[in-house]
Protein chains: 2
Amino acid sequence: MDDLKHFRQVDSITPGHPESHDTPGVEVTTGPLGQGFSNAVGLAMAQAHTAAVFNKPGFNLITNHTYCIFGDGCSMEGIASEAASTAGHLQLGNLICIYDDNHISIDGDTACAFTEDVLKRFEAYGWHTQWVKDGDHDLEGIAAALEKAREVKDRPSVIKVTTTIGFGSKLQGTGGVHGNPLKADDCLAVKKKFGFDPEQSFVVPSEVYDLYHKHANEGAAKEQEWNQLLERYGQEYKSEHADLTRRLTGDLPEGWEKNLPTYKLSDPAVASRKLSEIVLTKIHQAIPELLGGSADLTGSNLTRWKDAVDFQPPSTKLGDWTGRYIRYGVREHAMIAIMNGLAAYGTIIPYGGTFLNFVSYAAGAVRLASLSRVRIIIVATHDSIGLGEDGPTHQPIETLAHFRALPNMMVWRPADGNETSAAYYAALTNKHTPSILALSRQNLPQLEGSTIEGAIKGGYVVHEAENADITLVSTGSEVGICVDAVKYLKEQHQITARVVSIPCFEVFDAQPKEYRLKCLPDGIPSLSVEVMSTLGWERYAHEQFGLNRFGASGPYKDVYKKFEFTPEGISKRAIATVDFYKGVKPRSPINRAFQQLI
Amino acid sequence: MDDLKHFRQVDSITPGHPESHDTPGVEVTTGPLGQGFSNAVGLAMAQAHTAAVFNKPGFNLITNHTYCIFGDGCSMEGIASEAASTAGHLQLGNLICIYDDNHISIDGDTACAFTEDVLKRFEAYGWHTQWVKDGDHDLEGIAAALEKAREVKDRPSVIKVTTTIGFGSKLQGTGGVHGNPLKADDCLAVKKKFGFDPEQSFVVPSEVYDLYHKHANEGAAKEQEWNQLLERYGQEYKSEHADLTRRLTGDLPEGWEKNLPTYKLSDPAVASRKLSEIVLTKIHQAIPELLGGSADLTGSNLTRWKDAVDFQPPSTKLGDWTGRYIRYGVREHAMIAIMNGLAAYGTIIPYGGTFLNFVSYAAGAVRLASLSRVRIIIVATHDSIGLGEDGPTHQPIETLAHFRALPNMMVWRPADGNETSAAYYAALTNKHTPSILALSRQNLPQLEGSTIEGAIKGGYVVHEAENADITLVSTGSEVGICVDAVKYLKEQHQITARVVSIPCFEVFDAQPKEYRLKCLPDGIPSLSVEVMSTLGWERYAHEQFGLNRFGASGPYKDVYKKFEFTPEGISKRAIATVDFYKGVKPRSPINRAFQQLI
């Protein structure tokens, strides 16, 4: 009751919108419209998969439906359309959604903007549809529709329930009851109308307590029954039981990390999207809860290990519910929100691919992944102008700055094979932090100084040098070019450079200051090199070489050359930096006057 | 022909995806899926509005249809669903879309992810639908369907044309013909099959030239006819003619800026979203091409001037086609893409509102606004934790860093009334740069030193002080708190502080270096203060006070206090900064070793 009294107060567990990490019993963090609907699709998919993997004859362990209530706002959002189309394709008979059709959104009557036939649209997606016309009074009708929906096994159900917003208030049927408290007299009248004592506040009638206690007891009995079932399951299906109970702790299987590939200098150059595919190929058997997919770019993202089974309704003959590869279609925003739902279920670690540039389409869901602290992995390939021919419409410039500024998000941009393994290691072992892996289309050489141990610190010295004149700080595909620039600078200009790779800001920032100062020491000027916006690089380097403009369409080597991301181009700026700081021993950017609030 | 030969080569006008600013004849920049479809809805809306405003009896000046071809990928994208629902609501009879139903996307047969009934969905949106079943051969069927679609005046039309992708190639019916050139032998066979000389490349048969020349001549004749009509129109409708021809140049009406309000210290504190409403109220009559709207947050964004007429189909009785206020519904992504289309039409300057946090839902379209250099204005209110009770799900942290990193985007965060007027001035007078105006929910005091002249430089000294110990650099709602901190620092700690406001990085960066150095001089340590991610602030300040974590739900003053964004909290960090730089005369962050590539 105290929590209710602190509704929307600082440090309460009752914020303005439900947040799963703050409030026990809240399954997913919603509020931004369309996210919850899409999370529900993910939860239902998780149920279908988990049931298919673990249920056995006589052991119907995983049986839940997913229920979701959505309104006109969610109906209008594109993300919900994407998710609804996905759910229809997947024939998710375990998903029941109630559409609260109250005809009101913030701008007033939905007649001003939203006049489509919602049920017909859901029919087009392949959903079972029902309509309860008087949702204000017809409770039996709602109950019957729910019962009917539970009987429908071969497709998701939507029940349109036509209601009056703020039913009973003087403001009923208007947007005035959406976000504002009722006025005192209206509040009194509503309480009276529904049989409450109008003089009392923050009171729950004892009948309600009794009813809920009764339900709670029934629930507790069911839970005990289920726990017993699980125990018997453990006797009969030992390894499945161990797997399921382990998954629920969030821990990974012991020794899984031994499957991570390592590389040495002499190994061939490989695109980091391909390195990612190699990791997935090597670890997917060790981590059965990994469930992959792509927003229609499987062959480009390289997210599918060979012989993966698709997660599909068996009737499609394209896969089955045990399948671990999801065909998300061209639906980036729903994909990430569905992944948030998959992760929230507790038995799955989802990853999903698209081009880095199109992770922006999913920004709303990416943000909620961070806020709700779910472990999801976004495989973001074609991560720069290095994608070449597709041109500026596909070449990220602002994208890394965007997601690096997002709290509790690990943005990884590995430089080679060892760093790619490190990125996966961090992404998989951080239970409460989502990751974006920014991966190249083009081949990247294996680096002499790269190690998994270094890279998992988020940043490390990839090439050390005594009495260096400059530190080059870089990520991903540009680290190798920096290493080449070191030679060029030495041979052509007698300048000694060292190279630091910072594949992940978020993780590097969390290292002890002494470690960070060892990477970026006082007294040496530094130059960052990354082929996109320089915004944020001032945090690690005195000078920045980047691309604060849009890219260009062309073969990638030509594009790199146009913008001077070559050993020569880097050297030119390194020399300018060394000259600029001649006679000055600059303080490391790591040294700060005070600690940030985090 | 040379341009075709340079397809996807650096500095060609034939990049991997069509870009309107590079290639004459390309109306909108597309490529990212769903954008072009939504642009088309905007273009059709622009036609309906422009026709309603300018057409007169006997002068049917504005009559064009908008045609759009979209595929399975666009069909799956949520943004296209939002735009299609909008077009259906608006009964856009001038919009004809052809759905290239080839059953193939990058992942292969659409059976793996996309099995909905697309035409039924469009019917649900209120569209007229047709199906040409053999699009490979039935050219008459396509022509007849287009003719029929042109007859439908009361709703948009979609024609599903079932086709074979790569028709004629060995790879027809597969994704193999999507992005890759045909192999040599296949290429020969296709040319042969369709009656071309297989030995010749980059050749256009003379019949094709002839046909196109004929069409071009007909077009030129039509254009001349139209120009004559326009001239006669000018004799009869002088002011309308002057208005229309002026709009097409992109220039604003002379003297419009005299309507911009100015403020003095003694004026009351006002929320900048309200200040924005005051600007719109004062300028909308002077700038008739301003067309506003909101994604269902009109009363919160304050985007609608009093007595505005809604842009609606007359049959709804909610407005008419001359109306200048658009009800976008809860469809942020489509809204911005539609605004891109409205702007591309040439007679309209669109603005549209949502919460700053939900501009992220539209990131894909925002990016294309920047890339395609259209003048659109995004009114982004509730711009920080200062929105209070809605909590972390609604409070931007990463959002400004994201859009500041986007090239050719002006992100404005005005501190008071004069700065809000300046933001509108810049947004309206920069013909080829879109803007985001980040505006507060809470009241902001008018500042003593603020001026339109200063603010339109993107940054300026709002409070100067001789022999200052520190420069506080800030934006928006925090500038006023910094001004209060100046007093606190002086009275409590004998520290002299000056204050610089940088409402727009993009514009400030474009000022001459001497000017920027006057704002941020050498020798004085600086501290940035902004209540969101510090990422990027290292560019302007030695130390940063921000919020690299999610916010909190509560009354806004409590939230500000929790995170110490108070005169005391700022002073604490200012003192730490002054101490840290004691005995050091730090170089201004404006001084750099070399120029960035822009």
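Numbering starts at 1 and runs along the chain as displayed.
Cβ coordinates are placed from backbone N, Cα and C, and glycine is handled just like the others.
Cross-referencing A:Arg150, A:Arg232, A:Arg331, A:Arg441 with the substrate binding residues that TrEMBL gives (A:His178, A:Arg273, A:Ser300, A:His382, A:Asp390, A:His394) picks out A:Arg441. Matching A:Asp72, A:Asp134, A:Asp138 to the Mg(2+) binding residues that TrEMBL gives (A:Asn102, A:Ile104) identifies A:Asp72.
Residue with the densest Cβ environment among the binding-site residues A:Asn102, A:Ser300: A:Asn102, by other Cβ atoms within 10 Å. Taken through DSSP, the region 'Disordered' (A:11-31) splits into 0 helix, 0 strand, 21 coil. In the set A:Arg273, A:His382, A:His394, none of the binding-site residues has a C-alpha within 10 Å of the C-alpha of A:Gly73 (thiamine diphosphate binding site).
A count of other CB atoms within 10 A of each Cβ picks out A:Glu332 as the most crowded of the recorded positions A:Asp72, A:Glu332, A:Asp390. In this structure the alpha carbons, written CA, of A:Asn102 (thiamine diphosphate binding site) and A:His382 (substrate binding site) are 44 Å apart. In sequence order, the binding-site residues near chain B (CB to CB under 8 A) are A:Pro32, A:Ser300, out of A:Pro32, A:Ile104, A:Ser300. Long-range Cβ neighbours of A:Arg441 (substrate binding site) (same chain, at least 6 residues apart, Cβ-Cβ under 8 Å): A:Ala271, A:Arg273, A:Ser300, A:Thr381, A:His382, A:Asp383, A:Gly386, A:Leu387, A:Gly388, A:Tyr556. DSSP assigns A:Ile104 (Mg(2+) binding site) to a strand segment in the three-state reduction.
If you measure from the Cα atom of A:Glu332 (active site, proton donor) to that of A:Pro32 (thiamine diphosphate binding site), you get 16 Å.
Nearest by CA distance to A:Ile104 (Mg(2+) binding site), out of the binding-site residues A:Gly31, A:Leu33, A:Phe358, A:Asp390, is A:Leu33.
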